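Have a look at the structure below, then the notes.
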Number of protein chains: 2
Amino acid sequence: MKFELTILGSNSALPTSKRFPTAQVLNVLERFFLIDCGEGTQIQLKRFRVPMSRINHIFISHLHGDHFFGLIGLISSFSLQGRTNDLHIYAHSKLEKIIRFQLDILDSKLGFKLIFHNIFGKEIQTLFEDAALTVQSFPLRHGAMPCAGFLFKEKQRPRHLIKEMLDFYKIPIKARHGIKMGDDYLTEEGELIANAKLTFAASRPRSYAFCTDTAYFPRIVPVIKQVDLLYHEATFLKDDEKRAKSTYHSTAEQAARIAKEAEVGKLLIGHFSARFHDLSSHLNEAKDVFANTELAEDGNVFSILNT
Amino acid sequence: MKFELTILGSNSALPTSKRFPTAQVLNVLERFFLIDCGEGTQIQLKRFRVPMSRINHIFISHLHGDHFFGLIGLISSFSLQGRTNDLHIYAHSKLEKIIRFQLDILDSKLGFKLIFHNIFGKEIQTLFEDAALTVQSFPLRHGAMPCAGFLFKEKQRPRHLIKEMLDFYKIPIKARHGIKMGDDYLTEEGELIANAKLTFAASRPRSYAFCTDTAYFPRIVPVIKQVDLLYHEATFLKDDEKRAKSTYHSTAEQAARIAKEAEVGKLLIGHFSARFHDLSSHLNEAKDVFANTELAEDGNVFSILNT
């Protein structure tokens, strides 16, 4: 059962020839959630063999171009490919205006519905929820630009029934739902069978948090506490901490401090400034604070296994 | 003295992981003219080491997204790089609305002027002219979508003076302009010196024509007659001639027929449909009609030498 993140773009505002602007896709049980959509995202989706038609939900953190300029092209390509499924876009309300203005002036008729969901940006907001997953947004700190982080959390699934034991105790079907939810079972003879004898636990729910663009902002720590995987921007190195502060970005060390305080499983750093070709200093600086750090470079894939 | 075309993107509407959507840059004497600007153009400019700051004129053939979706990102990057030079954009007037709407709603202040020039599209129109070069647009045939081809032509430069001969005949400065323009010279002693003794010819002016997107449209032949280099779209193969006609595109064979009728120096074919990975059939089909044909694939460079 997959819970797998693919990095499509890892650079900050000015792309390089090797690193595209921000975009990622999270595969949760073969549903593909697109997070940010910088210019060239559709090209990266092809390159890294992501099944585009299985993307139904797109989350845009904020309206700097390097996080959404690829969206109009992706929508156009969906249309050319004959898409009919609804496409849900979660973003600041201005994005709907930008996209619809272009579709209207070019008289583009889409064969599918575009459904925009406004991210208010001032508090934690549940954007998506179904039986298996919730996606929430929470505010980051990126100057005057409203900017949202995203938290993807699997739900705790009910316990698994042990069929042989149910048969052994002749437990009727109507009692089974309660047992899945943790009830013990009282037989007709009055024997109490402990739930642990009848079931075993489902996998631990997995979680991913995406935090870009943002200055160092410890207020997010309780929100992302103990996520399995945290992506946090690390545009600069600590030598440039002043510049990071004035541009509302983070250093690699600050990203690692957030990871440490939040006790996450693994930290991924990205959104690198275009002037860095070699990223080993970013990695080392973060690892000094939080050892389980990796670079989130274009094409890298990070899986969280069921445990 | 350069006259050199670099292909930045060669694919039709749906990009592949190997071929970007349409964009090219023509280097004329170290001035870089950008022709179309599909998504990812700025990434390709970086990849192929084109000096972005030397692009002052951008020509957009038509308003299908694969020909202009990279423009807003390029403008944003110019702004981030601190550009101050005016940027001229030649396109259908709707493009100005699309770009300005986005800049306005995002409250983006540019440090340079964007100057839009409307291409009317119904006749030959001179878009740019200086001492060395003219750029004209001319109508192509792309269904209901107004679409322009572009013709880049160097001007015939005046003849070069042979300094030693001018000294020998003691020709005064005031006579020299006429001699550059082809005049003979009459000495004070009444001797007529033929211009060919005093000058040699400047290089032959070079020319490039860009024709995409278009159905087979022989009316362009007189306009592009005898250009050194012709780029003509070849979205399909002749097996798909009906489909080419109904979508207002051309086959490789049709592109070659235009090249042959126009007696061009070399034909480049591009704008390939995404379903073709191997392009040898396109090349062979065109070569059967017009031998001096090459594929215009991403990163290819075509120079026209001074002769």
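From the backbone N, Cα and C atoms, a Cβ is placed for every residue, glycine too.
Noted in TrEMBL for the protein shown:
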BINDING   B:His62, B:His64, B:His142, B:Asp213  Zn(2+) 1 binding site
ACT_SITE  B:Asp66  active site, proton acceptor
BINDING   B:Asp66, B:His67, B:Asp213, B:His271  Zn(2+) 2 binding site
DOMAIN    B:203-272  domain 'Metallo-beta-lactamase'
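Of all the binding-site residues listed here (B:His67, B:His142, B:His271), the one with the fewest other CB atoms within 10 A of its own CB is B:His142.
Each residue of the domain 'Metallo-beta-lactamase' (B:203-272) gets a DSSP state, and the totals for helix, strand and coil are 23 helix, 18 strand, 29 coil. Summary of the Zn(2+) 1 site environment: with the site residues B:His62, B:His64, B:His142, B:Asp213 set aside, the chain residues having Cβ atoms within 8 Å of the Cβ mean position are B:Ser61, B:Leu63, B:His67, B:Leu140, B:Gly143, B:Met145, B:Cys147, B:Thr212, B:Thr214, B:Tyr248. Other residues of the same chain near the Zn(2+) 2 site, with their Cβ within 8 Å of the Cβ centroid of B:Asp66, B:His67, B:Asp213, B:His271, are B:Ser12, B:Ala13, B:Pro21, B:Thr22, B:Asp36, B:Gly38, B:Ser61, B:His62, B:His64, B:Thr212, B:Glu233. On the backbone, the CA of B:His142 (Zn(2+) 1 binding site) and the CA of B:His67 (Zn(2+) 2 binding site) stand 13 Å apart. Note on the domain 'Metallo-beta-lactamase' (B:203-272): mean pLDDT across this stretch is 97. Recorded residues the residue listed as 'active site, proton acceptor' and B:Asp213 (Zn(2+) 1 binding site) have their alpha carbons 11 Å apart, per Cα-Cα distance. Neighbour count (other Cβ atoms within 10 Å of the Cβ, all protein chains): 27 for B:Asp213 (Zn(2+) 1 binding site). The CA atom of B:Asp213 (Zn(2+) 1 binding site) is located 8 Å away from the CA atom of B:His271 (Zn(2+) 2 binding site). According to its DSSP assignment, B:His62 (Zn(2+) 1 binding site) is coil. You'll find the Cα of B:His62 (Zn(2+) 1 binding site) roughly 14 Å from the Cα of B:His271 (Zn(2+) 2 binding site). Under DSSP, B:His142 (Zn(2+) 1 binding site) is assigned to coil, being neither helix nor strand in the three-state scheme. Within the same chain, residues at least 6 positions away in sequence whose Cβ sits under 8 Å from that of B:His64 (Zn(2+) 1 binding site) are B:Ala13, B:Met145, B:Asp213.
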